[in-house]
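J.: Reproduced below are the annotations present in Swiss-Prot:
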type	residues	note
BINDING	E190, H254, D268	Mn(2+) binding site
Amino acid sequence: MDDISPSELKTILHSKRANLYYLQHCRVLVNGGRVEYVTDEGRHSHYWNIPIANTTSLLLGTGTSITQAAMRELARAGVLVGFCGGGGTPLFSANEVDVEVSWLTPQSEYRPTEYLQRWVGFWFDEEKRLVAARHFQRARLERIRHSWLEDRVLRDAGFAVDATALAVAVEDSARALEQAPNHEHLLTEEARLSKRLFKLAAQATRYGEFVRAKRGSGGDPANRFLDHGNYLAYGLAATATWVLGIPHGLAVLHGKTRRGGLVFDVADLIKDSLILPQAFLSAMRGDEEQDFRQACLDNLSRAQALDFMIDTLKDVAQRSTVSA
């Protein structure tokens with residue numbers, strides 16, 4: 001059999017890549033031609049390989065550094081790099097402004113333009129952008145219903161949600177979003193549903209009283225896991241938008257002027273359906289962050305979350321003349 005040179009190997013499609021990394025207190029560098037992260041324990045350094053060809057995004061938290069050579073290799077492999085705070089918290093906080101994640105996207109000049117052209121075809125029209133936002137919310141609701149009621153893995157793990165109460169919450173939200181006259185009402189309804197879902201999840205896992213804390217200020221396990229898991233969703237969302245060549249600033253719901261708003265729009269497609277229940281399950285089990293993170297990654301992979309994000313973006317983008 002003839003040898004195959006590295007240049008002849010096929011690139012793994014982003015939607016089929018298996019890895020998403022969140023790292024803290026380590027150095028990312030190139031060692032022996034491979035991208036690795038290094039952790040120090042006393043006088044010893046441990047080197048861990050990052051399979052960049054099978055990785056979608058890399059989130060760097062507190063105490064991390066990365067070399068220019070590593071950034072070059074990650075960009076070449078199409079891996080998005082995001083800088084965030086520790087434990088899945090905002091990178092910077094200043095008065096009213098939080099920078100959730102500062103993204104460095106691979107600067108390939110060969111990104112597709114088809115979806116960008118279709119996206120801007122409706123984006124400048126307020127009403128069409130509202131219709132697109134409704135489409136995102138419909139997809140979110142269907143994902144919540146499917147995951148919470150039909151995911152056997154969640155059910156076997158002990159997530160015993162009240163099916164009737166969930167159905168009522170989803171139906172109420174569906175009616176409200178169809179009647180929402182503007183983006184502000186849609187955002188209000190999104191927050192209202194999330195509050196109901198938090199209550200249902202707390203009841204399903206017997207967590208007790210729960211209040212969602214903002215900006216990483218929560219001290220209880222469920223709040224910490226929610227913050228951490230949401231950043232994994234941001235990583236996939238940033239990858240999905242970059243793959244299709246749609247800039248992160250072209251949001252349909254989270255504000256035209258909010259930095260990276262489209263990433264939050266896309267992440268919301270799966271946060272409540274996949275991250276939220278796992279946060280409560282892991283909190284009740286007493287999981288460590290690494291255990292929770294792995295459970296989330298398993299959920300995201302099993303549910304083909306990145307495929308779902310990309311397909312939803314395509315569906316909206318292809319409606320150049322979006323109609324209600």
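Using N, Cα and C of the backbone, Cβ positions are placed for all residues, glycine too.
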J.: For the recorded Mn(2+) site, enumerate neighbouring residues of the same chain (Cβ within 8 Å of the Cβ centroid of E190, H254, D268, site residues themselves excluded), in sequence order.
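T.: So the additional residues around the site are F136, Q137, L187, L253, F264, D265.
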J.: Other than its own, how many Cβ atoms are within 10 Å of the Cβ belonging to D268 (Mn(2+) binding site)?
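T.: D268 (Mn(2+) binding site): 22 neighbouring Cβ atoms within 10 Å.
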J.: According to DSSP, does H254 (Mn(2+) binding site) sit in a helix, a strand, or coil?
T.: coil
